[in-house]
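Below is one structure, written out as structure tokens; the observations come after it.
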Amino acid sequence: MASGGGQKVVLITGCSSGIGLRIAVLLARDEQKRYHVIATMRDLKKKDRLVEAAGEVYGQTLTLLPLDICSDESVRQCVNSVKDRHIDVLINNAGVGLLGPVESISMDEMKRVFETNFFGTVRMIKEVMPDMKKRQAGHIIIMSSVMGLQGVVFNDVYTASKFAIEGFCESMAVQLLKFNVKLSLIEPGPVHTEFETKMMEEVAKMEYPGADPDTVRYFKDVYVPSSIDIFEAMGQTPDDIAKCTKKVIETSQPRFRNLTNSLYTPIVAMKYADETGGLSVQTFYNLLFNFGSLMHISMSILKCLTCNCLRRRTISPD
């Protein structure tokens with residue numbers, strides 16, 4: 001598998017839908033043809049949407065490979081099938097979500113989330129890093145989340161997996177800098193994907209054995225409606241995240257952390273403003289349990305604002 005002279009080889013995980021698909025198509029359709037995109041997914045039977053979105057660039061600047069980031073063998077085979085194992089940019093996008101009262105989530109379900117979101121990402125980094133260090137060139141981009149910076153109620157396990165990858169990358173970035181390899185985290189807030197919509201519909205219907213009735217009620221009647229409000233008011237599209245990712249690739253001095261949604265900066269700032277953690281815990285508590293209706297109104301106002309002037313400025317880095 002070769003790329004044209006001067007083209008950057010970009011390997012992307014999790015391209016069957018959502019953010020991964022949009023990043024793959026955006027880079028493959030680059031007007032200057034600067035990228036040779038290797039789009040990967042666990043099950044190639046799910047390739048139709050990507051192939052359709054790529055159109056005429058499929059088989060030209062975009063090729064497809066099977067990859068299961070939870071398998072050592074699959075990861076090795078995938079990278080070995082790239083010419084000279086030369087990857088300029090790795091975009092780790094594959095991930096899974098998990099939502100609900102922690103009492104009703106089995107340890108096996110929790111491990112599955114970590115197996116993909118943490119160990120799968122680390123497995124990819126380990127596979128491409130030695131070649132990048134040897135060449136003293138390369139860029140590793142990790143799709144993290146605002147939830148890698150700030151815990152969110154009822155997202156305990158997903159949040160923990162993103163905190164884990166943020167800590168891993170923060171440590172790794174220091175070493176990679178010595179070898180001239182860049183590492184960047186992309187930190188979206190809510191993103192409108194089918195995955196999210198489907199999940200919200202499902203959680204409202206589910207039973208939560210092991211969790212007490214009050215907790216189930218807070219989850220279904222307080223958290224889920226608030227969450228839907230937040231998605232509607234502050235949500236970005238997979239295309240927004242793809243554009244942000246392309247900017248991170250193309251900037252000469254990419255930032256380590258890249259929040260894609262400017263409406264989330266106050267939430268993160270609050271955490272740094274009070275190192276005891278009390279301010280953010282209390283604020284989230286009040287938002288959820290004391291000011292539910294106020295939050296609904298605030299979100300409606302935000303929605304009006306973000307529809308026009310603010311929305312145009314949200315893709316960062318600008």
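Cβ from N, Cα, C; glycine included.
Not measured: the values here are computed from a predicted model.
Straight from TrEMBL, the features:
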| type | residues | note |
| --- | --- | --- |
| ACT_SITE | Y158 | active site, proton acceptor |
| BINDING | 14-42, D68, K162 | NADP(+) binding site |
| BINDING | S145 | substrate binding site |
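Location within the structure of each feature annotated in TrEMBL.
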residue: G14; record: NADP(+) binding site; contacts (Cβ under 8 Å, 6+ apart): G20, T40, M41, I69, N93, A94, G95
residue: R22; record: NADP(+) binding site; contacts (Cβ under 8 Å, 6+ apart): A53, P238, D239, I241, A242
residue: L26; record: NADP(+) binding site; contacts (Cβ under 8 Å, 6+ apart): D239, A242, K243, K246
residue: D30; record: NADP(+) binding site; contacts (Cβ under 8 Å, 6+ apart): T61
residue: R34; record: NADP(+) binding site; contacts (Cβ under 8 Å, 6+ apart): G6, Q7, K8
residue: R42; record: NADP(+) binding site; contacts (Cβ under 8 Å, 6+ apart): S16, P66, L67, D68, I69, A94
residue: S145; record: substrate binding site; contacts (Cβ under 8 Å, 6+ apart): Y158, K162, E187, P188, G189
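The number of other CB atoms found within 10 A of the CB of the residue listed as 'active site, proton acceptor', across every protein chain shown, is 22. Cβ contacts within 10 Å of G18 (NADP(+) binding site), excluding its own Cβ and spanning all protein chains shown: 22. The Cβ neighbour count for I38 (NADP(+) binding site), using a 10 Å radius and every protein chain shown, is 26.
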